[in-house]
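Going by Swiss-Prot, these are the annotated features:
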type     : residues                                                                                       : note
BINDING  : SER962, ARG963, ASP965, ALA1265, HIS1267, HIS1280, SER1283, GLY1284, THR1285, ASP1304, GLN1305 : UDP-alpha-D-glucose binding site
COMPBIAS : 1-12                                                                                           : compositional bias 'Basic and acidic residues'
COMPBIAS : 22-41                                                                                          : compositional bias 'Basic and acidic residues'
COMPBIAS : 91-103                                                                                         : compositional bias 'Basic and acidic residues'
COMPBIAS : 112-129                                                                                        : compositional bias 'Basic and acidic residues'
COMPBIAS : 153-163                                                                                        : compositional bias 'Basic and acidic residues'
COMPBIAS : 183-193                                                                                        : compositional bias 'Basic and acidic residues'
COMPBIAS : 200-216                                                                                        : compositional bias 'Basic and acidic residues'
COMPBIAS : 513-524                                                                                        : compositional bias 'Low complexity'
COMPBIAS : 527-539                                                                                        : compositional bias 'Basic and acidic residues'
COMPBIAS : 547-570                                                                                        : compositional bias 'Basic and acidic residues'
COMPBIAS : 581-608                                                                                        : compositional bias 'Polar residues'
COMPBIAS : 660-669                                                                                        : compositional bias 'Polar residues'
DOMAIN   : 235-282                                                                                        : domain 'GRAM 1'
DOMAIN   : 286-383                                                                                        : domain 'PH'
DOMAIN   : 771-837                                                                                        : domain 'GRAM 2'
REGION   : 1-57                                                                                           : region 'Disordered'
REGION   : 81-226                                                                                         : region 'Disordered'
REGION   : 500-608                                                                                        : region 'Disordered'
REGION   : 624-688                                                                                        : region 'Disordered'
Amino acid sequence: MASQDRGRDRSSRRLTKKRKDIGRDTRGLSLDIPERFKDGDDAQEDVTAPKRSDAMSMNQSIFSIIARAGGQSQVDLGTMQEVDSGDSDDDGKGKTLHDRLDGAARLSRLRTANDFRPPQEDSRAEKIGSGKHRRALSENKLLRSLPKLKISSRKDVRSDGQHTDQMSSSQFLPPRPSTETPSETHKRGDALKGKARATTGDEIHVEKQRKSERRGGQGSSVGLAQSRGPVSLATRIQQIFEFEHAEEVISEYPCWLLQSILLQGYMYITQKHICFYAYIPKKHHDVSKTGYLYKRGRSKYNRYWFILRGDVLSYYTNPAELYFPRNRINLQYAISAEVVENKKKGEYETIFTVTTDERTYQFKADSAASAKEWVKSIQKVIFRTHNEGNSVKISMPIRNVIEIEESSILDFADTVKVRVVDNGETFAIDEYFFSFFNRGQDALNVLRIMINDNEHHQVSTENQVNPTPITAPLKTSNRHSLVVSPIVPDDTPRIKENVRATLSPLPNPNVGRSSISDISARSSTDVPRKSWDVRRSMDASRALRRSSHEVRRSFSGGRSEKLTKSRAPDRSPLSPAADTESATLSLDPGTESSAAIQSMDESSASASQILNRSDVFRAPAIHSAGVSHSERPQQAARHSQDTTRSSGADQHLQLLVRPSKQTNTSLLPASTEAEEDTDPSQTLPRLSNSSSALQEIASYPLQKASGIAGFLRMRSKEMGSLLATESMGYYEKVSGMLAGGRKHYNTADGLEPHDQIHGIEDDDDAAKAADNFREHFAFPESEILQSSFFASLQRMLPNYGKIYISGRYFCFRSLMPTSKTKIILPMKDIENVNKEKGFRMGYHGLAIVIRGHEELFFEFSKAEYRDECAITVLRILENTKYIEEASSSSGVDSDDEAAKAEHDLLQQAREQSDTHEQIDVSEIARAADHDRIPLIFDDPLASFVDFKPPEPLTIVCLTIGSRGDVQPYISLCKELLKEGHKARIATHAEFEPWVRKHGIDFAPVDGDPAELMRICVEHGMFTYGFIKEANSKFRGWLDDVCSSSWRACQGADVLIESPSTMAGIHVAEALEIPYFRAFTMPWSRTRAYPHAFSVLENKMGGGYNNMTYQLFDKLFWTAISAQVNKWRRRELGLQNTSQSKMQANLRPFLYNFSPHVVPPPLDWPDWIRVTGYWFLDEGDTYQPPADLAAFITQARKDEKKLVYVGFGSIVIDDPAALTKTVVDSVLKADVRCVLSKGWSDRLATKDASKPEIPLPPEIFQIQAAPHDWLFKQMDAAVHHGGSGTTGASLRAGIPTIIKPFFGDQFFFAQRVEDMGVGIWLKKVNTSVFSRALWEATNSQRMIIKAKVLGQKIRKDNGPQVAIQTIYRELDRARTLVKKHVKQDDEQTDEFEEDWTMIEEGQDVDVSAHHFEAQSPLVGMNQDAPRTGGGSLVLGSMVMKGAQKRNSESAYRD
C-alpha cells in the first residue's frame, strides 16, 4: 500500500538497511495481506516521476523548508473546556441550590414517569424494539475484521516502534479476510446500514433501551401515518394526545402559552379535556446572537465577545480567534435568565444573571436594551432545551380543573389562568396561563361552562372544603425517597386521570408559605411529574446535568413509577449529610431525611417548617467506610437510562426502611422491603483502617515506587479524613503521574473472548476512575470511561497531561501545575488518527485529525501506549460513526422529523375546521416587544426571507484550466438558466462546443491549457521553477489571459471567477459589478488545512497551515503584480492596486466540493460557503458500447472486482512505463480493469490511440465515458485526484486510490486517506500499486466507509445551495464595489493618487503614474477612483483609512 510504502521510505532516512529489512520481516503478513503483495525490487521506484534531475514538485518546494512554523497553536476547538483564571470565573460558586450535590446526587433528582402508552402498546413496542436490536458485536463483520491487540514484549516494541511511526490507520488497523462469498459480503454490507449505531462498552445496552423507547414512547410516531383520505380534527387530536377514544372538539382557539416566554400555539377544548399544542423546532447549530458583554469575575467585570449558538453560550477574549474560547456555558443546564433590578434610581438596568444548576453567572451589557435582548434570547434557548421534545403538549382533564379566572398579567391580550389538580396522589395544584389576542372572552365563557359542573367545583361549592388535602406523615411515591403524601377526604372526588404535559407550569405563589395546607400548592417541583421520558422543569430543583437530546422525552400518563433497584436514595442540598465531602457518610435509611420529606423548593421554607421535622434533632447515621455511594459503570448506565414506566395502578417505591422511634410504622406500606440485590455483606467494612493497612503494606519489600502510588491512590477515599482536601488533590495528581502509562477500564469492543489487553483495571479502580472522569469533565453518569493514557499535548512546549477516552468523547486534562487546559472532543468530530514521529527524541507521536479543525498532536513515552490509544479510538469510531441506522444517524434528527410530521398533520386537520382564523402576528410581536417578552412562533418559516433579485441578471463565470475546471460551471449555469437568469461561461476556446451544447452562452479566453499543464507537472504548481519559466516564457500568455477576460466579461451584472484566472477581480472593479469567487480547492486562509499547493506528507499543524496561505498569496501577487498593474492602467483605466486594496479575503466565496469531504473550517467567516459538488450528470442519456457492457457483465459473472484506472490528460516522461505498471498491477491483484489512458494525449509525439504495449483481456480500454455512469459499475477507482473526478468516485460510494501529480490533487489525496475511504499513492510501481488495488477491493472497512460517504454526498444539491448563497450575499458583494468618477481634474487625480500611495507606505514618483488615454470599450466607463469630491484635506484621508481598517477587521491580511 502507498502509506505502508511511505512509512518504510521515511524510515530509511533514519534506520540502516538492516533495520529496515528486519522491520519488513517482523511485520510480514500481520496485515493479513497475501504473500504475493510483499514488496518487490521495484518498491522504491516511481514510473511517474520526472526524469529531469532538477525537477521539483510542490512537496519539495519552498514550503518544505519552513517546518512547524509557529509551533503548534493552543488548540481548543469549540469544545475546549478551560478552567478560567481566578479573576473571571470563581465568582458565583456556591450560590445555587445544587453546588453541594455530587453527580450521583444530581442524577438521583431525576424523576421519571409512567409511559403514556397503553399496556398492549408497551408489549408491542417492546417486541419491535427487541426485534430491531443490532447484532452482537462478535457477529458484526466490520468489528470482527479489526485485529486483536497484540501483546508485545519490550524487545518487540523496540524493534517495531520505529518503523511503524508513519503507518496510517489502514495499516495498523487492517481488516481480517472474510470467508464469505461475494454475494454474502454484499448482503451483509447492506445490512450494516440498517443497524443502529453501537456505542462502546456498557453503553450498548443503554442504546438499545433508548431506541426502543424512541419507537414507542413518542405520540407523534404512533398512529400518525399519513392516510389517504382526510382525517378529522377530533381523530388527529386523539392520535397526538393519545386519548382512549376520539372526543368531539367543542372549540379551538389560537392562543399563546405564557411562561418565561410567550409561545404561540392552539387550544383545543374537547368533551373531556383542555389541550394545548405548539410546535417549536429546535435549532441546534444556529447562531442566535453575538456581541460584547462584561462578565463578572472575582473582583471586576471582564469584557468578552459572546456567541449564542444553539444551546451553548461561548465567550472569547478575541472575537477573531475562534480556536480559543475562554469558556462555554451549556444552557441545557440553565434554569433562568433575568435582568437584575437596579436599586439606584435613574440608572438603567444593564446587569443580568444566568442561573444554572451549579452556579450563577453575572453579565453586564452596554445598554439596558442590549441586556433585555440578551435575556430574551437566552430565555428562548432555556425554554427550548427544557421542553421535552420539539413540541409542547398539555392535556388537562376537565374534571380536574378547579378554577378559571381572568388575569391582567398582559395588557395587550386577554389572559386566562387555569388552576388544575395535577394528580390523584398528592392533589397538587398547577396553574397555566393562556393569552388570547382574538376571541378571548369566547374562550373564557366556553371554559367556564365546561368546568361549571365538574365534581371538584361541586364539592368546593357545596361543602366549602379546601381542596388541598391533609398530609400523612409517610407514604412512598416515585421519588427516590419518602415524601409527604396527602390523606384524601372521603368527600373529595377521586382523580381518575392526571394532567399530562411536556413542560412544567408556572410556580404557584403559595409555595413559600409556612402552612402545611399549602404544600399541595407547589411550583410543580415537590411532586414528581410525568412527562415524555425524562422530566426536567425550568426550576432550579429540576435542572440536571444531562443533554436535552440524550434521552427521548415522551408524553406521560400516571404519576407513580417503579424505580430500578440500582438507584440510591435522594439527597437534598440542605441535608445534614451533604455538609461533608466524605463518601462514607449518608443518612440512616430510617430517618425522615431532607431527601425523604423535604421538597426541592426548601430554600423558601420557613423556620417553623424546618424545625417541625423530627429528623432535624437527630445526628446522621454513618455507614461503614467500605460502602461507597458511587455506582458501578453498569449500574450507572441503568441508573441514567431507567425510564421504564407503568400505566396501571399505583406502584410504590421499594425502599429499605428501618422504622425509628419517632416513625409511626403502621403508616408504612406493607410492600416496603429490602431490595432484591442488597448484599448484607456490603454493609460491613470491606477494608481495615487506613493506618493499619499502611502498616501491613509496609511489611512487604518496596520494589516499585509505582506500587506505593497505586496503593495510596486506591486508599485516597479512606485517607480523606487524614489529609486536607486541597492537599489530597495535589497528591492524587502526583501519584497518578508516578503511576503513568495507560489503563483500560473494561474489555475493548470487538475483542474475542480469548483476547487480552494490557493494563486492565479491577472494578474498584474502574469505578473510582469513572467518578473522577465525570467530575473533571461534568459528564452524566451514563458516560463510561474506557481507557486513559498519559501523554503530552504538543504546542510551543509540551503540555503533559492525561487522555480520557469514553464511548462518545476524547478528552484531555493537563496535569501541569500552571496549566488548566481541558479538551472535550466528541468522537463524531474525529475523522482519523495518524501515527507520526515525535517532536522529541525518544517519543512517539499521534495526530488526531478533526473535522474542520487543525490536528491535535500528542506524544507518548512508548510506542506501545501510542498504538493502544490509536486502536482504541479507531474501534470507537468504527462503532459510532460508520454503522448507521437507515432512518437517521441520531435520535435528534428522527425526533425533529417526527415532531414536524405531527405538526403538519395537525395543521392539515385544523385547516378543515371553520373556526380557523388568521391573526396579525406583527401586531402581537410589536406588543410583546414593548413588554420585552420573547416570542416563539409556531410557523418554522416565519423568519424566512426571499433573497432572489426581482430582475434577471447576466452572470458571467470566468475560469481557465482543464475540463475539470469548466465542468462545475456548466452545472451551475444550467441551474441559473432555470432561475431565469442569463448565464455565460468565459474560458478556453476548445471548450466552446461542449458549453454551447447545454444552451449556455460562451466567450473565449486566450491561453493554452496544455502548455500550462506541462510546466505545472514539470515544476509543481507555483514553485520557484514554475514562476521562473512563467516569467520568461509566459508574460505574453498572462497578457492574453487578462485582455481576453476583460473582453469576455462585458455586459455582466455579476462576475463569478476562479481565482486562478487572476483577472476577474480587476475586471469586476472596472465594471463596478458584484464579484464572487468560486473554486474547487481551499483558497481561503484557515488553520484546518494547508494550502492545496503546499500539502506535505506529515501533518504540520495550524501554524504551518495558516502560514502557507499568507506565503502563497504574497509570492503569487509579487509574481504578477507588475504586469497586472500595467494592464489595469492601460486597458481598465484603473490605478495601481495591492493586496490590501483588493480585499480579496472579504469577497464572497463559493467552494464546489462537499462539506462531507472538506468540512468547513471553524475559522472561516460566514461569507465563505462550502456548497457541495456541482455535478454535471450526463450519464442518463449515455449508451455504453456493446463491448464495454459485455466486459462488465463478464466480470460480474466471473465474480471479479472491477476497477477504473485513469489519470486524466496528464503529461509524463515515460507513458509506456506507466502503462506497463498498470497492466502488471491489475494482473497481480487479480481484478478486472477499465482503462482510460490519457497520459500521452497532450504534447505527445505519436498517436495516443495506439497503446504502447498490448493490453491483456483483463483490461478494457475506453476513450471517454461519463463518470456518473461509469463509477456506478466499478468497485474501486484509481485516478489523479482532481476535484471533479474525486467527487464523482466518492459520490458513487467506492474506495478511491489517488496518485496526485500537481496542484490540488495532493490535497484531495490527503483528504481521501484521512477519511479512510481511499489510499494516497506516493509512488507508482507494481508492488505498491497492486497492493493498493487489492486493499481497495477487499477491505470491508474502507468499502463501508466509502459507501456511507457516497450516501451523504448524493443528498447534497450543490448548484442550488450556491445560487441561494449568491442571492444572500449579493447585497454584501455590492457594498464592496468601488465606485469611480470620471477623471476631469488631472491635478486632483494625481494628488489623490499620491495620498493613496503614501497610505500604503511606498515611495513612488507621482509623474510616473499618468494614465494613458484610451478609448473606452462599449458598455464600459473609463473612470478613475476618487476618495471624495473637491479638494482633499488630511482629515478626510484619516477617516478614509479608519473606515477601511474597520471594514477589513477580522479577516484581512
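Just so it is clear, glycine is given a Cβ too, placed from its N, Cα and C backbone atoms.
Each residue in the domain 'PH' (286-383) has a pLDDT score, and their mean in this model is 83. Taking the Cβ of GLN1305 (UDP-alpha-D-glucose binding site) as centre and 10 Å as the limit, one finds 28 other Cβ atoms among all the protein chains shown.
Looking only at other Cβ atoms within 10 Å, the busiest spot among the binding-site residues SER962, SER1283, THR1285 turns out to be SER1283.
Maximum intra-site Cα distance, UDP-alpha-D-glucose binding residues SER962, ARG963, ASP965, ALA1265, HIS1267, HIS1280, SER1283, GLY1284, THR1285, ASP1304, GLN1305: 23 Å. Following the DSSP three-state reduction, the secondary structure of GLN1305 (UDP-alpha-D-glucose binding site) is helix. If you draw a 10 Å sphere around the CB of ASP965 (UDP-alpha-D-glucose binding site), it holds 22 other CB atoms from the protein chains shown.
For HIS1267 (UDP-alpha-D-glucose binding site), the number of other Cβ atoms no farther than 10 Å from its own Cβ, over all displayed protein chains, is 27.
The DSSP breakdown of the domain 'GRAM 1' (235-282) into helical (H, G, I), extended (E, B) and coil residues amounts to 7 helix, 26 strand, 15 coil.
Taking DSSP states H, G and I as helix and E and B as strand, the domain 'GRAM 2' (771-837) has 10 helix, 38 strand, 19 coil.
With DSSP classes pooled into helix, strand and coil, the tally for the domain 'PH' (286-383) is 19 helix, 48 strand, 31 coil.
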